[in-house]
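*Asks:* Okay, handing you the structure first.
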Ligand code: HDD
Ligand code: HEM
Ligand code: HEM
């Protein structure tokens, strides 16, 4: 295999591994702040329990995010030097601002947030929690600005093949940024909602019926039910924006070969790029036109428009974009179904001992639905990865749309070298991802069974505890 | 923009300075927690937790200085960034995997089932060692002008060992400050041994650099410049002697001087760093690429500079806050 392909696989593997953890930390930081504020306000231990459990998950996810992120920042130099040499004048300041305004903030206050509870005044601890959550969101902001700019570049001019910034406001608020940022932040919220619901359902299934766990299940399910309609709406608007700026990508997402009016929405098909047609189509008539133009006979771009006279193909590979899009939307629909069904179950009334009618709450959720939540624990990861694959593969062959092609940015490192590092990274990532998932369930089981194992409830103790100053 | 003269002249210098500063801060700060990782197997089983507790709240922020340094290299000197990182492709990958292994070990060793604990302890040590060795190796290759010849690799192997010992030294100096009683006494002994490695390393680099580059030799041994450089080795020598004496006297009964080795280590690292920077200037890649040839467009650098001047003091401020909150002897870490 050649260096270009290997480097692409390596970059894709690294960023896919990395994004798993920011997706969790971005929203979980805010959820922890919410738990803490509820505890401060009500003094109810169930909020404290929730905080204690989820802060561990946060710490673990954060560490994974940090170490994989450091790998990311070296990748630009080791594998894609052409990227910085060409668009460094735009990408550089954005990355620098991310480090300066986000990474230091979150990394420094993380220590106080995690270990400062009994060392600093309560308000400072709350502030630290806020700053960490704020920092992760800022970091998402800057990196999404850069990524959106790569999809819809604006505010620049090209002099001697090098991009120079002309208008920073236009660069930052480039056309796709608001959509992409909203969609990503909501994705993070949904990932966390289903993670919380899934682990809580798991704890209920192994017999933990405590107030705290039921409360967490409720928080997770409600959060999911609230966010998913917004996400579907945001996704639809995102798609319209893409139609305007990257029609080839939309054609691939829809699997539409010929530009036409009244195009059906394909629920399933097997796109065949060689024959330039689909096999085994299952479709809703006029669907695609309706969704993309909001008119039954609206015009939808076709892939054949993006082939030059000489037969050079200027659209992305169809299959991964097409399937990726369906996996994401399918997962979104499953989220909608499950979370709304759960809310409906929780809202059912029963008669309490004193004769009043009260909501059943998490008790209203039966075992089958608990199993469904456990199955959906990592559904956010699935949809997020699928979404990013659609976006990024859909941009190919461009690295920066219309400015720089991926093949022109790659480093001339011998392919054997890239292959060896790729294998090493993949091995490490596979082991760590599996361990991470196992440890989450292990933590959940331990929290429920209440095993107060030595060394565990007081993590990292073992030496004599010297009282705080 | 012309207020201070031509920005194409002074901006690269400012950015080389900022980058140097963050590399120096990185080497000092992550140096001590990597050093603690390298020393990890020397601690007894019941001491391991408190050892980790002494660096637990800091390591993440310490590593961020590496991200800043590499970020500044990337944004200010994109050509050099590509040249350096592709030449150091393999050692960089080893370092990154090392950083991953040790970073996740902080969490997994206490959160995963107890049976796995030895594995994660080992991963913490091995990861730290991979990181320090590969950083030292990169330093060596970098000094040798990014070329792989038998001599340069041999030299890089030497710097790899010496930088590891230097980190072990600053790590044990940190432990002298953070630990008490028997553990503190043993940390003093570790520091003594590692100091020998530091001396060898400083010597090796000082002998080899002028041999590799005629320009550096010229800069070091020709007349007026000699006077500029001379205080550096003299101060280094004096400091090492002082440290040696201090380490023999520590820990004092009232534990008043426990901070001294760490403070001295900081000064020593800083002096060594200035020596290197002085020799390299104005090159980013020795005798091949100057900071002026490698710099990005001034208008982008100004934007970053503006942000950096505004934000860096804040970062320093809250870093000090964090070190103040967790000052004093190390205590067990709990989440509440
Ligand atoms: C939408 C969110 C998002 C995306 C697309 C990325 N990151 Fe990230 N990154 C984060 C959101 C984030 C975060 C939430 O801020 C993290 C995760 C956990 C953490 O500690 O911070 C983080 C950590 C993190 C770190 C460690 C920071 C530290 O030391 O605290 C680095 C160096 C990077 N990232 C670099 C990158 C690069 C070079 C990316 C793209 C190519 C990238 N990230 C994509
Ligand atoms: C966080 C979620 C992201 C995921 C999951 C992701 C995934 C991917 C994938 C799968 C590719 C490969 C496309 C292909 O070659 O067929 C790719 C390409 C690329 N992306 Fe992203 N990406 C993400 C975010 C970003 C961000 C934030 C940046 C830059 C700031 C970025 C920069 C690049 C670059 C430089 C390439 C070209 C290298 C390549 O083709 O592999 N990506 N990405
Ligand atoms: C169900 C309705 C949804 C629709 C209509 C939708 C629509 C879209 C579209 C059109 C894109 C491609 C953007 C581009 O062209 O670059 C996209 C990307 C993405 N989707 Fe979705 N999406 C939906 C659900 C979800 C869900 C449930 C998640 C995660 C929980 C998710 C996460 C993402 C992510 C992370 C990306 C890549 C980043 C971005 O471009 O914003 N999506 N989505």
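Each residue, glycine too, has its Cβ placed from N, Cα and C.
Caution: TrEMBL annotation is automatic and unverified by curators.
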*Asks:* Which residue range, A:184-205, A:250-271, is the one TrEMBL calls transmembrane segment?
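*Replies:* That would be A:184-205, the stretch labelled transmembrane segment in TrEMBL.
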*Asks:* With TrEMBL as the source, which of A:422-444, A:445-467 is set down as transmembrane segment?
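*Replies:* That would be A:422-444, the stretch labelled transmembrane segment in TrEMBL.
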*Asks:* Looking at the ranges A:368-390, A:391-413, which is given as transmembrane segment in TrEMBL?
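*Replies:* So the range that TrEMBL calls transmembrane segment is A:368-390.
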*Asks:* Would you kindly list the residues that approach the transmembrane segment (A:94-115) from elsewhere in its chain, counting only those six or more residues past its ends and only Cβ-Cβ distances under 8 Å?
*Replies:* 55, 59, 62, 66, 73, 124-125, 128-129, 131-132, 134-136, 138-139, 141-143, 145-146, 149, 171-172
*Asks:* Could you pull out which residues elsewhere in the chain have a CB under 8 Å from any CB of the transmembrane segment (A:127-145), counting only those six or more residues past its ends?
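*Replies:* Distal contacts: 22, 25-26, 29-30, 32-33, 36, 94-95, 97-98, 101-103, 105-107, 109-110, 112-113, 116, 120, 171-172, 174, 177, 180-181, 184-185, 188.
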*Asks:* Please give the sequence-distant neighbours of the transmembrane segment (A:217-234): residues at least 6 beyond its ends with Cβ less than 8 Å from one of its Cβ atoms.
*Replies:* 31, 50, 179, 182-183, 186-187, 189-190, 192-198, 200-201, 204, 332, 335-336, 338-340, 342-343, 346, 361-362, 365, 373
*Asks:* What residues in the same chain, six or more past the boundaries of the transmembrane segment (A:422-444), come closer than 8 Å to it by Cβ-Cβ distance?
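*Replies:* Answer is 6, 9-10, 13-14, 17, 20, 53, 56-57, 60-61, 64, 68, 71, 199, 202-203, 378.
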